[in-house]
Amino acid sequence: LVLELNQVIIPTYGTVPDQQNLRTPEWVDFDGKPDSLFFSDGQRRIDFVLVYEDESKKMTNKRSDRKKHKRKRQVYESNLINNGLQLEATRSVLDEKLIFVKVHAPWEVLCTYAEVMHIKMPLQHNDLKTQDSAFNWFSRLFRVDENIIKPEQEFFTAPFQKEHLSNFYIQDKDTFFNPATRSRIVHFILSRVEYATKNNVKKFGINKLLDAGIYKAAFPLHDSNFRHLSTDPNCPSERYLLYREWAHPKNIFKLQPLDFIRKYYGEKIGIYFAWLGFYTNMLTVAAVVGVGCFLYGYLTKDNCTWSQEVCDPNIGGNIIMCPQCDKVCTYWNLTTTCESSKKLCIFDSFGTLVFAVFMGIWVTLFLEFWKRRQAELEYEWDTVEYLEQEEQVRPEYEARCTHVVMNEITQQEEHVPYTACGKCIRMTFCTSAIFFWILLIIASVIGIIVYRLSVFLVFSATLSQHISGTEVISKYLTPQTATSITASLISFVVIMILNIIYEKVAILITDFELPRTQTDYENSLTTKMFLFQFVNYYSSCFYIAFFKGKFVGHPGNPIYWLGKYRNEECDPGGCLLELTTQLAIIVGGKAIWNNIQEVLLPLVKNLIGRYSAAARSEKVVPRWEEDYHLQPIGKLGLFYEYLEMVIQFGFVTLFVASFPLAPLLALINNMLEIRLDAWKLTTQFRRMVPQKAQDIGAWQPILQGIAILAVVTNAMIIAFTSDMIPRLVYYWSFSVPPYGSHSSHTMKGYINSTLSVFNISDFKNASKPFSPWFGNQTTCRQVYRDLRYPPGHQHQYEHNIYYWHVTAAKLAFIIVMEHVIYFVKFIISYAIPDVSEKTKSKVKREKYLTQKLLHENDLKVVKQTMGKIADKVTKGAGSTFQPKAE
């Protein structure tokens, strides 16, 4: 490939041509056809557009800089022409300073570079019989109308070779290479053509020229306006069809035309929407089961015995709870938590356990079936044996190549930006910076915790006074609830602010790290951004699930944060309801915020640009100028869309045991997300350069890591955050003799037996409440189920036998649940092959045809040639040895 690049791609390397030898584009005026995709002759198709500002009309830069820029641009355009491309320049209709250079690749150039880039082209129609699925009739109801967007014909393909041109399926040379392939080939050339030589180092590539400001934009054209069909009868108006049948909100329940998306935008865009659509479809199953578990909890909440005991005035009404904070908090009645206990019954039910186990299996099915679907797309979109081209070095990397080192393989000198010692120092600094910012995120979480602790004191002291006359409000707005909701809202706001900051920090660290290629850059940034986002989004949820209320001591000997703030306590039913509240606010708020941001920002920018242009002129504007005023897609492309979905995937799987409605919220969000992303691409952004992509890249192992972690987190939520294990232990062991007094297994008496007793005379002066004790009772109950011996016992306030039974049951549950789910995951992974038999057959058939059509013809020619040579040799040998034979 390197030899091919040297021979074909940059034949003009060496000295820069003199001014008089420079070749320039043709200059033409706009012909008044706004939808034209061709040069002024109407024959040559526009494959790419370059935009620059006329140097003679620039007033901002120095004159010397303008001359340098003009010289580099002229050399670059001359070399483009020398490489076989055809250029045509047109001045802007709206802004006379802008020049649009249209690029066309002739047939010979397309064939040459298609072979160099190993682009697969069709050999013949796919002749394998396909059997329709049993559900084909059902899926047809949701497909795009085939009369509007016709299904793509299936072909067997092979890497293009000019010498075997006759073996390829060519009906029309003008349509053999579709517009996306043409644009990709032209961009390949644009990225490798030289424009200057400095210190014997050749400077080349459109990306560097864009970074230097020599060109303002470079993009392929949309083929029409998205609002109406093109006025050119030969234009297929694919952009219009995509908007009408894919991006429009009316299609929210339709399947995506993935082949058509891939044809227009390329494989990289296509694989993203294929993955997002597949994930959304799989969420439908999870959402149905989650809603079923939620309804089960809702319908059975009235049969929740322990909640009935909390609300019963003869049971919960007679239980006085100890103050939840020092001094300012007062004693309170257990019936205060009646409403929250009813809500908790909805989420902390047997259905939660079933759903957690189901989601552990669901995530494995999702990943395994996605591998199969991905393998099908790899074949259908010709990326099975995708040979990735030698990737271009990033301009930022090459600009700092000042050190000379010896390459151990080639034994030649090469330039690098830093020495081995310098690289070590740079990596150490970057790693330290990453850990510093992660610690800063954790510090923000600690700040939220301190807010919880301090504001709870205020709510406990003032809330009851302000709402004492309103009994209905006081039932729902308890100090614990008010603290939880306000803290969750503040946590959400802090998360969104930190996201903006850490996005810039991650980019700065990655820029300083100086990766060599764009792929290295994206992988490095992906790791950092996901690490930041993981800690930022999930840290507060991990705190509530696994730390809050776990290390609080007991009323006579509480544990303090920073020696000042008494540790938070959970409600008598545990912290599960608070975790549910936190998840609902973050998941719902994040979805609303992201969708508003994704829609409004590009829309407002384009509206401003459109109105400012309309104010200057009412002239007919050509297609290339309309596209120029759209938003650029950005260097990172779909990175942020992937990141958003992977973070959502974490919420759906990691904490789903506490919030079974999370898959439903994710499903609704994703149905909107698909159409919003499609709407952005088709209406608000310039057309992306089509790129090959075999899979979803670095996100696949991240998803697999989340899937493994999800089993652990959900098992621990059920064991340590919910109240399910203590209830089961009470039901099977402590409700009947020898520990209980009931004759049969029951949940009656659960509340009374699990709330530990504390003697109010044992309060320390630092924590004794100001409010006077009421009644003749001398004890109060601990808020949390700490399961301790009562006062007067020889081991008073130490953990009792019930506590150790519960602890053992929790650990056993985690081990059993993890091993069962991991075993099932292993069986599923083994039973579901990554590549279906149908796809394997297609791949084998394609290889056979390639061998037959492309190689056997060569062998026949060789055999014929060798046969003639063999005949001559035989005749010569016969005449030579004939006398001896006689």
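From the backbone N, Cα and C atoms, a Cβ is placed for every residue, glycine too.
Noted in TrEMBL for the protein shown:
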DOMAIN    38-258  domain 'Anoctamin dimerisation'
DOMAIN    261-846  domain 'Anoctamin transmembrane'
TRANSMEM  272-299  transmembrane segment
TRANSMEM  350-370  transmembrane segment
TRANSMEM  434-461  transmembrane segment
TRANSMEM  481-502  transmembrane segment
TRANSMEM  645-668  transmembrane segment
TRANSMEM  702-721  transmembrane segment
TRANSMEM  811-832  transmembrane segment
Please identify the stretch among 272-299, 350-370, 481-502, 702-721 with the greatest number of Cβ pairs below 8 Å relative to the transmembrane segment (645-668).
272-299
Tertiary contacts of the transmembrane segment (272-299) (same chain, 6+ residues out, Cβ under 8 Å):
255-256, 258, 261, 345-352, 354-355, 358-359, 362, 365-366, 369-370, 373-374, 377, 638, 641-642, 645, 649, 652, 656, 660-664, 666-667, 670-671, 673-674, 677-678, 696
May I ask for the residues of the chain that lie six or more residues beyond the transmembrane segment (350-370) and have a Cβ under 8 Å from a Cβ within it?
275, 278-279, 282, 285-286, 289-290, 292-294, 296-297, 652-653, 656-658, 660, 663, 703-704, 707, 710-711, 714-715, 717-718, 722, 724, 817, 820-821, 824-825, 828-829, 832, 834
Where does the mean pLDDT land for the domain 'Anoctamin dimerisation' (38-258)?
85
